[in-house]
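Read the structure below first, then the notes.
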Amino acid sequence: MSNTPYNSSVPSIASMTQSSVSRSPNMHTATTPGANTSSNSPPLHMSSDSSKIKRKRNRIPLSCTICRKRKVKCDKLRPHCQQCTKTGVAHLCHYMEQTWAEEAEKELLKDNELKKLRERVKSLEKTLSKVHSSPSSNSLKSYNTPESSNLFMGSDEHTTLVNANTGSASSASHMHQQQQQQQQQEQQQDFSRSANANANSSSLSISNKYDNDELDLTKDFDLLHIKSNGTIHLGATHWLSIMKGDPYLKLLWGHIFAMREKLNEWYYQKNSYSKLKSSKCPINHAQAPPSAAAAATRKCPVDHSAFSSGMVAPKEETPLPRKCPVDHTMFSSGMIPPREDTSSQKRCPVDHTMYSAGMMPPKDETPSPFSTKAMIDHNKHTMNPPQSKCPVDHRNYMKDYPSDMANSSSNPASRCPIDHSSMKNTAALPASTHNTIPHHQPQSGSHARSHPAQSRKHDSYMTESEVLATLCEMLPPKRVIALFIEKFFKHLYPAIPILDEQNFKNHVNQMLSLSSMNPTVNNFGMSMPSSSTLENQPITQINLPKLSDSCNLGILIIILRLTWLSIPSNSCEVDLGEESGSFLVPNESSNMSASALTSMAKEESLLLKHETPVEALELCQKYLIKFDELSSISNNNVNLTTVQFAIFYNFYMKSASNDLTTLTNTNNTGMANPGHDSESHQILLSNITQMAFSCGLHRDPDNFPQLNATIPATSQDVSNNGSKKANPSTNPTLNNNMSAATTNSSSRSGSADSRSGSNPVNKKENQVSIERFKHTWRKIWYYIVSMDVNQSLSLGSPRLLRNLRDFSDTKLPSASRIDYVRDIKELIIVKNFTLFFQIDLCIIAVLNHILNVSLARSVRKFELDSLINLLKNLTYGTENVNDVVSSLINKGLLPTSEGGSVDSNNDEIYGLPKLPDILNHGQHNQNLYADGRNTSSSDIDKKLDLPHESTTRALFFSKHMTIRMLLYLLNYILFTHYEPMGSEDPGTNILAKEYAQEALNFAMDGYRNCMIFFNNIRNTNSLFDYMNVILSYPCLDIGHRSLQFIVCLILRAKCGPLTGMRESSIITNGTSSGFNSSVEDEDVKVKQESSDELKKDDFMKDVNLDSGDSLAEILMSRMLLFQKLTKQLSKKYNYAIRMNKSTGFFVSLLDTPSKKSDSKSGGSSFMLGNWKHPKVSNMSGFLAGDKDQLQKCPVYQDALGFVSPTGANEGSAPMQGMSLQGSTARMGGTQLPPIRSYKPITYTSSNLRRMNETGEAEAKRRRFNDGYIDNNSNNDIPRGISPKPSNGLSSVQPLLSSFSMNQLNGGTIPTVPSLTNITSQMGALPSLDRITTNQINLPDPSRDEAFDNSIKQMTPMTSAFMNANTTIPSSTLNGNMNMNGAGTANTDTSANGSALSTLTSPQGSDLASNSATQYKPDLEDFLMQNSNFNGLMINPSSLVEVVGGYNDPNNLGRNDAVDFLPVDNVEIDGVGIKINYHLLTSIYVTSILSYTVLEDDANDEK
């Protein structure tokens, strides 16, 4: 049990024990080191012929555990002895509590509780008196400020935020005086702030004007992803939710989705109404040469009638006879004879009847081990209908199948030629396909045994004996198993400490007969295998005497697999070039001898050769444990071991992500294609929680006296150590978990004494077994609580175990009465459980205010500020975790029902170390918890080499990353709330700037920590030794979150103020879209200078928002380095592939294209008719999905809303002064709140230089295009005011909603709202759903004389709609348009008379009118003219990649269509990547860059 420092006024237990010691001198008799009990030496006057049995006193040692372990004298001081303090292990000084002291301890706890309540009442009274005495009405708003809210803290040592930030630790005697002084200062500050409310403030703590502002996080940061097969809710803490809070991103994505629909129409016209010269039959006939058998058949096996209407049927290249595309030579002679032997040829294994129905084999997107070559060219057709049956007739295929080929995985004849992996609702893959992941293959020299299960279908039934026989072949030899287990408990066990080490080893010994596995205990209490006794013999038999032993076997397999993956040699090699040295941390290899390093290298090389295949776990959980039934419909066999296996299984699914597909493809658990943030983990955790309730883990084991009587009875059953049947009278749960712990003691005692329980030694061992069982009970429960908190933080979902103390009274593991002298590492585990639970309470306080609807709907600013300050104190080490939790409770931020009352027994000295101390521990050779005093050389020699200390420090490192990620999230929420308010309330600019700087600092901190982790995972004996698999995804996820904010700032730095969707940018920080060569030359020069500075950039330093023009370049360098990192990690981790693709995509978007190179080809950066990108037409779209799927996307819903087609006179409701024609409500639409124009926090006074340059560039562009300059345009526009044109066609909506071909065929002409209404009140932006308005009222050319000139200034999309309003003659199928001087067009039509709408550029229209030449519309021209977003130039080729390509309408609405933005689906083809949920978030969060707003001419009219 952890000890609490006792007050001097209260008699301590130490003084009570010392008095008892003085009365009992015999208690100081020397005892055997490491023994749990000590015996009294008999008096000298006693007769030596005494026949009495020596009895050992049941005495608890008085010395601390560390001194007893070191065998030094302990002064028994509380809470920490002098010996532990000198040697730097005061945080581990632990005393076993006396049984008679329990009552005294309870009294002390009551006194401490009453003391805290009195102090809290006093703080509340002072707060109320302050409120009533305040003269102004603003006092009701100011008493909840971060300064005044600290009055709720009561007697907390750090009662003020000033003391917390400075890190001062004052004594209790000075605390009262400091509190009074602070109250006086706060009163003076309140009066001064009320008198100067409008004065500018440079600190958040000074201004209390906005402290009571309410934030509604339920609307701004909440997502609902609607899939075709389910719905997923994502809360504010999910990494995807950042897109909903940023106005820049909302506008960006609204434009992206509208542009996507336009390009889909362009592709549809191009592909549907032009000759498909490149179309070929999907069957590659070159690979199917003619044969005599197929000479009579002239018909292609492809059903050409199934092609979409309007598409030209594939033309047969030659009249050669057709042949089945299957290479029959690959089959055995028993199935299909060679081609020459046609007389006895049997039936082809391909079921050709499926082809006649239009069924085609699925697209082979990923290489399959079954396919020998690409026999079918699936890229030449667009059909992909749902397929529920394999085209191969397996009845004929499996007939006369050679039995000797069943075990040959290398023979291609033993596999079906069809790749079943991409077929929906088909049988599971054979086991051999699951072991083809190249990321975890062993190094050279590793064994490559072929297992029977790899050639057996797992959907077939297997008996238990067959499964055990297969597992015997899959498991490594006995010696290797023992080494793996020791490695796990030495390096990985602190990450999932829910096992009893000795108990688990005994069970493994029983199952696998590892009689030589008895460990040799070293000086540090760590069990090390003896290589001399272990034999390198394989596993020949697996004994499962009890049902629960199957779960132990499953845990063993997970340990073997996870430890093998975590070997440092298996980690991914990361080389970041010159920047690698910045992220290296010192390791401790220099402290190890050469022999120790050599021995470690030999062990690792031996372990690398023996990989446990993932199929072993699949067989165990499916056929032995039957986990699907246990976790869904039955709880008859649920016990503690079952819960332990479920926890290990969930832990393995999150850590070894590359094995997820393998584990779930053959399991009918509803967890298809699970991901790190998918719903599968939620369902599994809910099952684990319910099983824990079923076992009673939520109640403390001390509440059940029958445990004391049941557990000792199991010693008989285990003492026989070979019994196959358990005692039916004993509890199977207790029998499984605690029986093995008493094996040795029971075997030493006589059988009669063991049965009667009269042997004192046996009785003592039984008591120890009971305590260890209760200890495991408590560890499992609190680990489940921690899993619940982590899942809620990751997914943004509500916690399952809310208000823990309302239904659970389970004590912390520190309450277990266990002597840790033989197992010091278990003492560290116990300390960590207490510390981590306290950190979880801090996280719970944040989650309650963000995720709980009742609080998140009206959370106040000062509450978030208080959370930020307390988390800062925790991560910076200025305040102890006990004080932070107490402050949260006293301020009302954390209810006591969450478990805060358990903290009264915790050691104050065992807290979270500072992050620099964790990283620099190896360099300074100091303990993490050094008290600051100089230690002598003798003390250093005596200091313990603590077990798995590096793993514990790695866990501390991950806790720091989690806390700082929360700080980043809280600051980002406040930043996005106050930034748009700057145009209306200038006082919020300072708040937004400070929150943005804090968010950037913590984002860069997470970015650096991510780089530090991956740069040190392969170092020998480093901080992250054996933690490469467990911490890889959390670290990469935090780095990815930081990258999202980087992109947000890059967009602000390059685009300047957000002026609206139909307005020109007031000013820009980056390169403008003009033609001023001097401005361009200066930009190039500045860019070169900034690039030279970036070479000297220190990635370990924070980035300042006031960096000016170099801010975007500095942040871009971070993105490039992260892209380089993820590219190297993609070789090992699948989730790194997604992040690398998205990061690389946005890097290309952020890369500003060179105007000089563009202008050379056509003389204009907007007229590049000859420019062609080599892969534009072949890029697969990120936004590839049909309209129904698109509307389910949470990004689409947030940006556009659910909008249905409306009438011609309908419009949006008036929003913020915008007067629009039409009704105030839209049928079937969702009105979203508008986004106001505002300046970003990156806007500085140095941007004024760009104003005149932008105006000159715009004037030159107008002179180039139109031949005149509007001299009346006012370029000197005040900041924060949008330019308001006079009249005429000054600005049109850049993105008009899509129109279907049916509308054109029906004669409905899209129109645009009245221009006078559009251009009025330009200070406020329209609502987002106006982007998809389908009715656009264009001015009539016959009534407006300025129409001919205005049409030239319209966007290409508007021109497309204008061209649709002309006479369309019927001619050819090429879709070309002939422009005339009047602005009308003659457009070709298809054979059926459908009207065509082409995308014509305004420059093309102008050229056609002057030269009377035919202009062919070009997609690249369209893209180049619409690649400017608020001054940010976007790479047009990347734009195509964002918006996507043509979607075949025949594939729209299919039931098996891939969900748009699937959360758990990742598919990569040869060219691009299909968007997944993770990728699109990066595209949303970072795709700011892909926002392609069409070019606006705001002041171009008269």
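Note that Cβ sites are derived from N, Cα and C of the backbone, with glycine treated the same way.
Going through Cys81, Cys472 against Swiss-Prot, the one listed in the Zn(2+) 1 site together with Cys64, Cys67, Cys74 turns out to be Cys81.
In Swiss-Prot, the annotation region 'Disordered' applies to 1384-1411, one of the ranges 1076-1103, 1384-1411. Record note: among 1-56, 1121-1176, 1289-1344, 1-56 is the stretch given as region 'Disordered' by Swiss-Prot. According to Swiss-Prot, the feature coiled coil maps to residues 105-134, out of the candidate ranges 105-134, 345-374, 525-554, 885-914. Fewest other C-beta atoms within 10 Å: among the binding-site residues Cys64, Cys81, Cys84, that description fits Cys81.
When other Cβ atoms within 10 Å of the Cβ of Cys93 (Zn(2+) 2 binding site) are tallied across all protein chains shown, the result is 25. A Cβ within 8 Å of the Cβ centre of Cys64, Cys81, Cys84, Cys93, the residues given for Zn(2+) 2, is found for these other residues of the same chain: Thr65, Ile66, Cys67, Cys74, Leu77, His80, Gln82, Gln83, Thr85, Val89, Ala90, Leu92, His94, Tyr95.
Cys81 (Zn(2+) 2 binding site) falls outside any helix or strand according to DSSP and counts as coil. Mean pLDDT across the repeat 'HRM 6' (415-420) comes to 52 in this model.
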